[in-house]
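Taken from TrEMBL, the feature transmembrane segment covers 112-133, 140-161, 173-199, 228-250, 256-276, 428-447, 480-504, 516-540, 546-566.
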């Protein structure tokens, strides 16, 4: 006979199972009849992507073509001198097998410093465009305004590279720096807004569908957004391949021609933006959204004296259970809600989620430090190898070409295949994989540089500067295509880490703060550039072997630290994505439920 204790235990167990069963039957917010049980047992697939999203991808394609078609030439333009007899930087037909286009002849260190400044500045300026978009103009208008700014920068850049300007190197350098400044302001401000705008075009909800095979699946907004950003990144890298023609144009026709072609291509951007304006889903700005975000954090810090100048205490306070409760209107009686609380409970949840996302992004400077090596240093490595007519700065285009090939494979086969096998390759796991693969790329680069030192005819560990007694290039007897390894591995790491960072910034930000959060994610690239700049003294060809090795070790260590730090966020991915998607009270003075809006104009 069962004892009373056993009976009580059985009752408790039955009650728990009943509660669990009930919770499995609860329909998830902002879904069309999807329950927790469905979420856990049915396969997830993506929805159809709206066609206006692809026009935004076209805008990004054209903008990136012009960006990479110019910036990929900066290293040779600044580092190398004018080839013999050249007035525009082009190489004579007889010398094209080994010759390198050049103009200012300022050397590797100055070239590195200027190109690093460009990367730094172009990833700082997104905050300008993001703040204007989220608080004043909206994303569409902000993109249009800074399109004009970029066009002005391109005109200045072309002027800096004309034969007349190159006769006065200091004038040419001054115009180049001005062009870099103007174009960085424009490109950065657009960067913070194009990525959110493309995802804004999808407004579908989670729902169940029956496939022609009879299988019931969940049409998942999060997987759809993942696919949107895969194709968005594909468009970025299709545009990046524009640098292929730029390399040959600079070598054969001079830098002013190589800079003029991207300027003409950029004219497609305003045409697409104006032509598709009435079809875009446009999120209106909220002038006080940033202030309200800071107020949420301030209210929570002020509660129970949680503010501290000690960063360790402050961090512990923010992580303490119930930290965000004082900012929620539901924590007060309706008549006692402070006037400064102008938001609903869901917005507080969104701010908490955003803060967690920003912590994720803080690991990215190390990743971008590894990535940055393909922009300049690996080009210098290639310059010391046997080119056989291949421009040394052409090799870096293996990165975008590889991404263009990989994206459809991952979107159509690898990711769906993993989902069919029940493997949840979540954003945190993907980013971790990206860090590991970036580390492998640096291992390859370090080993390659060791062999290059050994095979170069010169013994000063400067293969790119090695010349014969007559001054002709004297490369190492190694094919330049051997350097393709790091580019292919970095491309794979971008599929995992870089694309996922765009997706994470969008899905974890409040509706009207997506540009600012995207700008914060982009800021990590600027921080990586600052770190790179701090390494200028050791960022010289003689030390590349150890530089690459140190990056490899650091990236691998950070990969492990990253996953260990955010393993709990990884488990709550679906829960986090649902915050702010259901019915809500809204902001003071606005209607209760916020829905996606179309621009009426």
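The backbone N, Cα and C atoms fix where each Cβ goes, and this holds for glycine too.
All TrEMBL annotations are machine predictions without curation.
Taking residue pairs at least 6 apart in sequence, the transmembrane segment (173-199) and the transmembrane segment (516-540) share three or more C-beta contacts under 8 angstroms. Looking at which of 140-161, 173-199, 256-276, 480-504, 546-566 has the most CB pairs under 8 Å to the transmembrane segment (112-133), the answer is the stretch 173-199. Within its own chain, the transmembrane segment (480-504) is flanked in space by residues 195, 225-226, 229-230, 232-233, 357, 360-361, 364, 367, 370-371, 373-374, 378, 381-382, 385-388, 390, 392, 395-396, 398-400, 402-403, 406-407, 410, 427, 430-431, 433-435, 437-438, 440-442, 444-445, 448, 518, 521, which lie at least six positions past its ends and keep a Cβ under 8 Å from the stretch.
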